[in-house]
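First the structure, in the form of structure tokens, and then the observations on it.
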Amino acid sequence: MELQEVLRMNGGEGDTSYAKNSAYNHLVLNKVKPVLEQCIRELLRASLPNINKCIKVADLGCASGPNTLLTVRDIVQSIDKVGQEKKNELERPTIQIFLNDLFQNDFNSVFKLLPSFYRKLEKENGRKIGSCLIGAMPGSFYSRLFPEESMHFLHSCYCLHWLSQVPSGLVTELGISTNKGSIYSSKASRLPVQKAYLDQFTKDFTTFLRIHSEELFSHGRMLLTCICKGVEFDALNAIDLLEMAINDLVVEGHLEEEKLDSFNLPVYIPSAEEVKCIVEEEGSFEILYLETFKVLYDAGFSIDDNYPVRSHVQVYSDEHIKAEYVASSVRAVYEPILASHFGEAIIPDIFHRFAKHAAKVLPLGKAYYNNLIISLAKKPEKSDM
């Protein structure tokens, strides 16, 4: 099976769907919103071609479910807020938003939400239907998606840790895994494995920057949010817990060791410095803003997180119940690729053990994601200077 066929979230609206298990991502988007507003404010001051009539925006790696339109709402509200600050100096522009993800993404679940979304925009923002146009642009964001110099703003959240392929060199000429017992570039991985993953990320992220810089107008903006490495050695990434759960099944005799050793996630979690260096080395963008922040795995399920818990989501204090929620969130993201390699039957067992490990680390305060927000502006061509 081709990798792109399984690089997707769980679709639909069932109990294991991404739509029902993305409260954490909702919180991250809320934390990014002030930076998004500032980015839009700077964009509208830049006097890009045709921006006063039609702002062209893309959300790269949009996934599915309500969070997709939460991002769209935040972008629209930010544009309208800046317009109000200008006291109607400019007419309210049309906004054209392209939702991008791989071809297997559940775009239909998003499209079904659009009629009510448009009505809500009209009621809350005064945007008449037709003044915000939303469509899909399926394809890999590591390839060209839009014509040259046609876009004003590109946004991506929690996507860039996904690589275009599993790095080469993880199996010797004799067919022996060089990453035994691991499923990605973890702290326990050997240095050659860590280098192979970093090299693949560098290649992919450089391609991402180069291709999308060509699609943006000069001075166009890009806002990226991604998982990043922290400085704390004892912090556990969710993929570490997933790795531990799969190893448990091997030890218990439910899974062959060779099956584990032949599996490597096309995922790399970079450091903030690695991201910064690649941007500077590629050279198409100026870094306007860079910040890191932490969010606990169980964020979205506690009043202390300052998260607007939805009415049908009960707030629990028991760590085992929280751990089940964390396991469901991770399952919604990784189940398709895990099932393609290990089989669907063993998925419940993997995440049952994942939840057990999560319940142990949640009380320690070491179960969190480090996150990076980076705001970029495309440098002008020499002919534009």
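Our numbering is plain: 1 for the first residue shown, then up by one each step along the chain.
Note that Cβ sites are derived from N, Cα and C of the backbone, with glycine treated the same way.
Asn179 is the only one of Asn179, Asn237, Asn247 that Swiss-Prot places in the Mg(2+) site (with Asp261, Phe263, Asn264). Swiss-Prot lists Asn21, Asn25, Tyr158, His161, Trp162, Ser329, Tyr334 as xanthosine-binding residues, and of the candidates Tyr368, Tyr369 the one it assigns to that same site is Tyr369. When the candidates Tyr18, Tyr268, Tyr289 are compared with the S-adenosyl-L-homocysteine site entry in Swiss-Prot, which names Cys62, Asn67, Asp101, Leu102, Ser140, Phe141, Cys157, Cys159, the shared residue is Tyr18.
Reduced to three states, the DSSP call for Tyr369 (xanthosine binding site) is strand.
The distance from the Cα of Ser329 (xanthosine binding site) to the Cα of Cys159 (S-adenosyl-L-homocysteine binding site) comes to 15 Å. Following the DSSP three-state reduction, the secondary structure of His155 (site 'Involved in substrate discrimination') is strand. You'll find the Cα of Val267 (site 'Involved in substrate discrimination') roughly 11 Å from the Cα of Tyr334 (xanthosine binding site). Comparing Asn67 (S-adenosyl-L-homocysteine binding site) with Asn25 (xanthosine binding site), their Cα atoms are 7 Å apart once rounded. The highest number of surrounding Cβ atoms within 10 Å, among the binding-site residues Asn25, Asn264, is found at Asn25. Asn264 (Mg(2+) binding site) has none of the recorded positions Asn25, His155, Trp162, Tyr334 nearby, counting only those with a Cα within 10 angstroms of its own Cα.
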